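Structure record follows, encoded as structure tokens.
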Amino acid sequence: MASQLLLIGLFVASCSLALASDPSPLQDFCVADPNSQVLVNGVVCKDPKLVQADDFLFRGLQLMGNTSNAVGSNVTQVFVAQLPGLNTFGISMARIDFAPHGINPPHTHPRATEILVVISGSIEVGFVTSNPDNRLLTKVLEMGDVFVFPQGLIHFQRNVGHGYAVAIAGLSSQNPGAITIANAVFGSNPDINGDILAKAFQVDKDVVYQIQSKF
């Protein structure tokens, strides 16, 4: 049953993003050439005569990711860097594994809307609307449930079940990007000035320094 749902999840994630945000292709394909030294908005195309079937293949999404980390989750990306054949098609996907009580911390995708389908477990999801409302919209999803996160908005997932949980995400960009809020704010290089963060979060500077030390 779980394997059937996984197949359904893969289909939904990959086919539900017909209105992609990336530029539309102007030829059959434009397989990414990671070895090119040319810098463009995207990835340079490989010579079509050198393209092989393997350029359109990614293996391993059935494998569980390592969730032995501070947040208890793992994201297996299938973006253009992992699957060169995605270049110019405006879609990508990911597998998200959750340990018990694990979270995918609040983050944004600056270049993509995300659609998520739960393959196993119970996952609490939510996103926050933009200023000035900052309204939290949240829901607990069960196996087979689908939820969408609008492009650019802060969102999160949390495993609220008793065992491991798995979800498949589809994204409307070949390279959606991810900005994890805590890492960006408290783990920037170099550090954001403590005075700025203390005033922004309305806390003492010592609290800011304590949090920064964890990143």
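Note that Cβ sites are derived from N, Cα and C of the backbone, with glycine treated the same way.
Of the cysteines listed (CYS15, CYS45), TrEMBL assigns CYS45 as the disulfide partner of CYS30. In sequence order, THR108, ALA112, PHE127, PHE149, LEU153, ILE154, PRO176, ALA178 are the same-chain residues whose CB sits within 8 A of the CB centroid of HIS107, HIS109, GLU114, HIS155, the residues recorded for Mn(2+) being left out. In this structure the alpha carbons, written CA, of HIS155 (Mn(2+) binding site) and ASN104 (oxalate binding site) are 9 Å apart.
Taking only the Cα positions, the spacing between CYS30 (disulfide bond) and ASN104 (oxalate binding site) is 32 angstrom. Taking the Cβ of HIS109 (oxalate binding site) as reference, residues of its chain lying under 8 Å away and at least six apart in sequence are, in sequence order, PHE149, GLN151, GLY152, LEU171, SER173, PRO176, GLY177, ALA178, ILE179.
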